Amino acid sequence: NTGLLELSLGKFRNVLLNQTNPVEAVLRNIASNVTVVIFQVHSQQSDVVISFDKNPSVNSSGTGVDKGLVSILRPQQSVCTWYLRSLDASQVLSTALSIPYMEKDPIPGGCNLEFDLEVDPNIYLDYTLVDIRIKFAPANLGYARGANPPSCDSGTGQNSRWRLRYDVYQYFLPENDLSEMVLMSHIRKMSEVQSIRANGIKMLTLTTDDKTNVYFSSLPGQGVIYNVIVWDPLWNTSAAYIPVHTYACSFADLVDNCSSLSKLSTKVFFTAIAVLGLFTCFFGHRFWKTDLFFMGFIFAGFFFFVFITRVTGLGYDVRLILTAVAGIIGGLFLVASWWRFGSVLLCMFIIGLVLGFLFSSTVFFTPLGDYRVFRDDVVFWVTFSSVALMIPVLFVGCPRILNILASGIVGSYAVILAIACYVYTSLAYITLNLLRRVLNDYFSRAYTNVPFQTNDFIILSVWIMLALSGVTVQLRRERSEVPFPPHPYLTWKRERERRSTNVLDPSHHIPPLRERIHNKLLHIKEFFQKEQPAGERTPLLL
């Protein structure tokens with residue numbers, strides 16, 4: 001049995017598909033000035049087969065969650081037919097749409113030389129945990145019904161397809177929402193030229209000389225829709241490819257699926273850092289050694305994680321445990337360095353670098369980071385390092401202010417990273433994008449735009465509130481105190497000399513440590529010895 005789906009041009013129709021019974025989609029009464037009809041179907045996670053024939057072949061069908069076909073109309077043709085079915089045994093909710101184009105409109109995928117369909121309007125998407133790649137076939141110029149299509153290789157002049165331009169658009173679905181109906185309602189906004197321009201974010205424009213593939217930063221758990229508009233500058237006409245969506249994660253995996261992305265080890269690691277960061281945010285300067293440990297932990301942990309990821313193939317959980325150990329050692333080393341040498345300048349340089357790295361990462365988190373000049377790694381890292389080093393240089397004359405700012409801002413951001421383990425927020429990508437750029441040689445080619453929605457504004461407000469509160473509390477509390485505690489090693493050394501020379505000091509008469517330990521052990525030994533039996537006693541002899 002074949003179901004029937006009656007279509008109208010430009011109108012979406014929701015349809016339930018299954019594996020056994022294909023659905024016949026019919027479009028009737030097509031106007032004579034329409035030369036091309038693009039038919040498309042979308043589902044959230046289950047592949048759908050779309051074809052010209054009831055028995056699909058490789059060259060006449062497409063399979064995926066976002067697929068479309070181009071029907072080149074013959075003279076006098078007023079009816080188009082396509083066939084739909086799912087690959088899953090269970091029913092799959094999908095939405096279908098047919099869009100008409102005229103003879104002066106460019107034809108998406110009309111000069112396809114790479115994929116199976118002769119005319120392929122589809123966008124092909126691949127993703128990893130790091131980046132997303134979209135590819136599409138070049139378009140051709142439009143032409144009248146019954147005419148021969150323009151040659152794809154006839155030349156590179158203004159009368160050929162080489163005059164066409166491609167605008168790539170991005171659209172973010174609502175954060176923390178993985179429902180089917182939300183996707184179906186929003187993908188409609190990215191299907192036709194006018195709505196794409198009204199709702200999408202234009203990321204870049206490609207010419208026919210450019211490769212038709214683009215890279216974006218991956219956002220696991222966040223729904224994103226991509227589409228391309230091909231524009232003919234001579235006739236000022238446009239046509240849209242088939243929109244494609246991704247969540248950069250799997251719905252089917254039992255572990256680390258789209259609903260539970262953060263590993264338990266990640267949650268434990270960043271929750272522990274957040275507790276220490278929150279304490280540092282409000283009390284970092286007062287508890288100077290704790291502040292040093294926190295900053296040393298971050299500094300050593302970051303560089304060790306980069307190193308161990310680059311040179312080993314260890315699993316993520318093992319690397320995270322080793323990073324925690326390295327961070328603890330780094331924190332203790334910074335505290336020990338302060339205790340032994342008392343160098344405020346060295347400690348403040350490390351603390352300033354941590355704040356500088358966060359500040360520089362925030363600068364490149366803005367649209368500034370997507371400027372083409374920063375695709376070059378040398379330009380990026382020289383600029384990034386210069387901005388990061390600017391912080392300790394600017395505050396070299398007021399180290400107490402620098403430390404209070406660093407503890408307040410960095411400590412409060414640690415809380416934001418912990419929140420990101422439980423609720424999606426784009427603010428986590430301030431530092432995550434930096435880590436990706438360090439670890440992946442080709443991440444420089446990816447556009448790093450992220451959504452900024454209600455959830456992000458709330459969490460940004462929390463970050464600002466915590467940072468301002470922490471800095472204000474510390475500035476008020478420490479304004480009448482000495483800038484930094486005295487050098488601990490010299491203080492201990494002077495105290496020891498004073499005790500050894502001042503006989504009036506009670507501590508002068510305290511036995512040495514070795515003797516005190518020996519006496520304590522003798523006392524414990526006597527406690528466990530059995531009492532000797534009482535024998536005959538002769539008081540007179542005594």
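Glycine is treated like the rest: Cβ placed from N, Cα and C.
TrEMBL: automatically predicted annotations, no manual curation.
According to TrEMBL:
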DOMAIN    272-475  domain 'TM7S3/TM198-like'
TRANSMEM  268-285  transmembrane segment
TRANSMEM  292-312  transmembrane segment
TRANSMEM  318-339  transmembrane segment
TRANSMEM  346-366  transmembrane segment
TRANSMEM  378-398  transmembrane segment
TRANSMEM  410-432  transmembrane segment
TRANSMEM  457-475  transmembrane segment
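Long-range neighbours of the transmembrane segment (268-285) within the same chain, counting only residues 6 or more positions beyond its ends whose Cβ lies under 8 Å from a Cβ of the stretch, are 291, 294, 297-298, 320, 323-324, 400, 403-404, 406-408, 410-415, 417-421, 466-467, 469-470, 473-474, 478. With a cut-off of 8 Å on Cβ pairs spaced 6 or more residues apart, the transmembrane segment (378-398) and the transmembrane segment (410-432) reach fewer than 3 such pairs and are scored as not touching. Same-chain neighbours of the transmembrane segment (410-432): 175-176, 217, 219, 221-222, 262, 266-267, 270-271, 273-274, 276-282, 284, 294-295, 298, 354-355, 358, 361-362, 365, 448, 450-452, 455-456, 459-460, 462-463, 466-467, 470, counting only residues six or more beyond its ends whose CB sits under 8 Å from a CB of the stretch. Mean model confidence for the domain 'TM7S3/TM198-like' (272-475) is a pLDDT of 92.
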